Amino acid sequence: MGPFKRSFGKEKTTESHSPPDIGGNGDFGEGFVSDNADSLHRNLANRQIQLIAIGGSIGTALFVSIGSGLYHGGAGSLLIAFFIESIILAMVNNCIAEMSTAYPVSGGFIRLAGKWVDEALGFMVGWNFFFYEALLIPFEISAFTLVISFWNEKIAEPGPTAGIVTGVILCYALINILAVGAYGEAEFWLSGGKVILIFSLFAFTFITMVGGNPQGDAYGFRNFNNGAAFREAVTTGDLGRFQGFLAALFGSALFTVVGPEYISIVAAEAVRPRVYIKAAFKMVYARFGIFFIGGALAVGIVCNSRDPRLTEIVTGGSNGSAAASPYVIAMQNLGIGVFPHIVNALMLTSIFSAGNTYTYCAIRNLYGLALEGRAPRFLTKCTRSGVPIYCFAIVMIFPMLSYLSCSSGSSVVITWFASLVTAGGLIDFIVMCITYIFFYRACKAQGLDRNTLPYVGYFQPYCAWIALIWLFVVTCAYGYTCYIPWDVSSFFSQYTMQLFIPPLYIIWKLIHKTKIVKPHEADLVWERPIVDAYEETFLSPPTGFWKEMGQLVGIGRNKEGSNARRKSSIVNAQALRQTDF
């Protein structure tokens, strides 16, 4: 029991607290043994976590930027690219889900890499993920100004753009300076709007393709015919069509299909992580199949890859104001008047939500780096409500980059940021696969039965190896067009992260003389006992998603029973505190 005792007392400075009972569920007790080994609070309810899992990272790429992949590759290439990338990311999810449900620690997959692979790797991927998230914030804000100009093209002018940027930044600051429950509640409603938007677009696609449109045109899969499904890019013939597929994969699918990393980060602030985070990771598979693959299919059905409006936007001839989304282009072509306004309004909430998620993750990531000594220690300072205040202050500098859209234009700035961060996301996924391989080896070396873990990944470690090889090849090759012909500016926009992130590993390793963790030396106890003790304070069964949704509107809410469960939790928590671990 020695390791248990050491882990239970590690860096614990937070006193028991009374998190808000959001939604009226009984999972929030008034006394906890220990939420975490640090100062973060577990206040995210099941319904909030599930909505974050469904739509937390869905934003501009799925609704607006996907048009670029459609234009360059065609409807068929786009669908295949999204299908393949979704399968690969499902493998990555399979890896990180097993580790994060058993070890729901602050910093998520970043600290797992530093703990089980090499401290230098944790340093490298930590700063990579930080810049990846931080640069995505101005990306979404710039996209917000692009979409809102649908109603008035004058909004794209510098003055109105600056005002919108300022307003969005202030909203992000307000949401993230409050307790994590405020972020969870905001994301719950915003992600709910994304779900409504996506299914509305699917309904629009089906109804109009069978003739339910003002023109009575049952166009079906017309945009897949006559060579429109597989467009040529760079060259002609079969090679050109293959390069069109690569354009859809590299230019759209790689940037759009994401998700597991965000659940890993929020795991440290989730109520009952062994149950709710496990369910959230399982939800990711459905999201890949329904939203990403389904979204790629729907876009290819409703919009021709050579539509004049789409061509004008992608090739840069347009100011990017009116119909930035392929869906809106399709609605205008069919003469549908009101629905484009509704879609754009919901799209704004989706884009705002994505930027809010990136802000949250960047703050928590920087906090996780500080906990491990890979960032200045003063960044571990938290407010009484569990918000890393200095991390918050630093992250809020990055949204200021969105003011660049006042002079360069929103569509240009979006392209800049997308090129910079795509490789950053690939590096994160590569590290997740490497971490899992080391974790798997450590479990075998130390005799840890993986079947005893809350979540057991399928077909392992082969999923990790397949995803690792694919992601490594793609990371090296996705900017190949800068070589034909050679273009210096294109090279640096495509390969900046690959050039500057890996040296961080070498620098940290040389300075601190870190060693790669051997399988029999990996700490597979770590913070698990803290989470185990925390989970044991709950005497009532976990609250299901739909039950929480009902409680939100007053259905099934039992105040007397909830109070009884709270009192039981207090007694149980006090007893556990007095236990000699």
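Note: Cβ is positioned from N, Cα and C throughout, glycine not excepted.
Unlike curated records, TrEMBL annotations are generated automatically.
What you are looking at is a predicted structure, and each value in this text was computed from that prediction instead of being measured.
Features reported for this protein in TrEMBL:
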type	residues	note
DOMAIN	49-518	domain 'Amino acid permease/ SLC12A'
REGION	1-25	region 'Disordered'
TRANSMEM	51-71	transmembrane segment
TRANSMEM	77-96	transmembrane segment
TRANSMEM	129-151	transmembrane segment
TRANSMEM	163-183	transmembrane segment
TRANSMEM	195-212	transmembrane segment
TRANSMEM	242-263	transmembrane segment
TRANSMEM	284-302	transmembrane segment
TRANSMEM	342-367	transmembrane segment
TRANSMEM	387-404	transmembrane segment
TRANSMEM	416-439	transmembrane segment
TRANSMEM	459-480	transmembrane segment
TRANSMEM	492-511	transmembrane segment
Mean per-residue pLDDT computed across the domain 'Amino acid permease/ SLC12A' (49-518): 86
Selected stretch (most C-beta pairs under 8 A with the transmembrane segment (459-480)) from 163-183, 242-263, 342-367, 492-511: 242-263
In contact by Cβ distance (the transmembrane segment (77-96), the transmembrane segment (242-263); 3 or more pairs under 8 Å): yes
Listed stretch, out of 51-71, 77-96, 195-212, 342-367, 387-404, that has the most CB pairs under 8 angstroms to the transmembrane segment (163-183): 387-404
Contact between the transmembrane segment (284-302) and the transmembrane segment (387-404) (3 or more Cβ pairs under 8 Å, separation 6+): no
Dominant neighbour of the transmembrane segment (77-96) in 51-71, 129-151, 195-212, 342-367, 387-404, by Cβ pairs under 8 Å: 51-71
Long-range environment of the transmembrane segment (387-404) - Cβ separation under 8 angstroms, sequence gap at least 6: 39, 134-135, 137-138, 141-142, 145, 162, 165, 168-169, 172-173, 176-180, 355, 359, 362-364, 366-367, 370, 378-381, 413, 416-417
